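Asker: Summarising the annotation, TrEMBL assigns transmembrane segment to 12-29, 41-61, 94-117, 155-174, 186-206, 231-253, 346-369, 381-400, 407-430, 450-471, 483-502.
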Amino acid sequence: MEQARDQWATKIGLILAMAGNAVGLGNFVRFPTQVAQNGGGAFMVPYFVALFLLGIPVMWIEWVAGRYGGKYGHGTLGPTYYLMARESVKPKTAFIFGIISGMLAFSLTVLMNSYYLHIVGWSAAYSYFSVTGAYFGQNPGDFFSSYLSNYGQVMLFWGVTVVLLAIAVGQGVSKGIERWVKVMMPLLYVFAIIMIGYVFVLGSPVDPNWSTIDGFRFIWTPNWAYLKDHFAAVMLAATGQIFFTLSLGMGIIQNYASYLGPDDDVALSGLATVSLNEFAEVVLGGSLAIPLATAYAPKIVPPEVLQQGKTEALSWIGEEFGLGFSYTSLPNVFVSMGDIGRIFGAMWFLLLWFAGFTSAIAMYNYLAALLEEDLNINRKVGTWIVFVIYLIAGLPVVFIDGYMDQVDAWVSFQLTLLALFDVIVAVWLFKPDNFWEELHKGAYMKVPEWYKPIILYIAPILLLIPLVGMVTTLVGATLEWPARIAIIIMWIIGAVESYYSIKKKYGEELEKNEVIIKV
């Protein structure tokens, strides 16, 4: 079974795929919005703390878990976490951890991609609209609302994106995903660097008091007063961003890592993934949207808000446009550039499409691997089954107001919960010494010993804090029936599938309640 599994053809292909998985819309859309809404430099301080204490440790945990599961022929979380948990508990107890982990991973990959793919579709549409100049001469906010209400256009760009994903995933890991990311990821970085070059020479195109340099100052000058006054909110926002940006707590890092050989490096590779992602987010994402928005703020922000100062103006942009920051605020910038704005607009939105596509492909592959390995369905057939699943799951996003926001809130909760399971199962139940040994098997670097207590104690504590806050928020929130039904259905299907996949291969040892299969 191990020999039949696909593997990454090259190390660079693996790193680009992992980076592509992590580098997504969160880097270029969510990150600038979070920075703008949370005091600029005030946000960056807890952001880097969360990266060091939470992002890097959980990334290593997921790489270790994925490679370990791949050794047994598993690329999904249910069987993998069953195997790791049984190192400390009896198989029947480990079975429970496997079912819950698999249920959460299945639910996340369906629910998150159900709306994420729509946003990727928006990016494809806006790249086309930039070339044609469709939103030039119009109010970008009104144009965006008009686009979202044009169901035919929304479905077209969404559908094209999902079809291309199906084609890529259907070709397999080495011949499909790896080849696609080897083209998309370099282009993404090239487009971003070209645009940054323009940003650096742009200066003050509208008002001498508002320049791109002011945008950089907003990001990189620590705002201690703002952080002191809004510490809890900013810390939670920074921690949440780390999860979204690194694609943690979803099972897809483990899925990609499962295609490694048993002695392939995970320590340096995991750190390289984090580094490429942070370069894309902090250096590229941070150097584009906010400096551009700052330079053109006099054309975007009401005069009474401008008079309050740059922090207030950028906070207004972040609050006013939210997720639509890139689709309602930045088009103002591209329009103000004149004809060259069409080129930069197309480049920006194509960059977003590449980023979204390479993240969505990882979630798509998780479900394809589940059908292929757990249910013995041919990959090409399974790929189109996943296509149908995403079409059905994505329809409520188009036709039901508020559905996306409600599902997104539960996705955020499940991401954090599954990340906590990462630490509990893949470190504590797997046993810390086993984890440390696996982390360094075939490693190109030695992880410092002082990182051990961070992984063992600090990371789970930092996960519990936002988890408690989310539970409090969700308990008091109203969940409409469409979102409630979708979430419950995904939980049920995920739990049943995990139960079946574990029982199918490890039924004998579950019956005897003792470990039999060991690699």
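Keep in mind that glycine also has a Cβ here, set from the backbone N, Cα and C atoms.
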Asker: Does the transmembrane segment (155-174) reach the transmembrane segment (483-502), going by 3 or more CB pairs under 8 Å (6 or more apart in sequence)?
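Answerer: No; fewer than 3 Cβ pairs under 8 Å.
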Asker: Of the listed stretches 12-29, 94-117, 231-253, which one has the most C-beta pairs under 8 A with the transmembrane segment (407-430)?
Answerer: 94-117
Asker: Can you tell me which of 12-29, 231-253, 346-369, 483-502 gets the most C-beta pairs within less than 8 Å of the transmembrane segment (41-61)?
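Answerer: Comparing 12-29, 231-253, 346-369, 483-502: 231-253 has the most Cβ pairs near the transmembrane segment (41-61).
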Asker: Under 8 angstroms for C-beta pairs, at least 3 of them, ignoring pairs fewer than 6 apart in sequence. Is the transmembrane segment (12-29) in contact with the transmembrane segment (483-502) by that rule?
Answerer: no
Asker: Is the transmembrane segment (231-253) packed against any residues at least 6 beyond its ends, judged by a Cβ distance under 8 Å, and which are they?
Answerer: 18, 21-22, 24, 26-27, 30-31, 34, 37-39, 42-43, 46-47, 49-51, 54-55, 58-59, 62-63, 66, 76-77, 101, 104-105, 108-109, 112, 273-274, 277-278, 281, 359, 362-363, 365-366, 412, 414-419, 422, 462, 465-466, 469
Asker: What else in the chain is close to the transmembrane segment (381-400), if you only count residues 6 or more beyond its ends and a Cβ gap under 8 Å?
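Answerer: Contacts of the transmembrane segment (381-400) (Cβ under 8 Å, skipping residues fewer than 6 from its ends): 110-111, 113-115, 117-118, 151, 154-155, 158-159, 162-163, 165-166, 169-170, 364, 367-368, 371-372, 375, 480, 482-483, 486.
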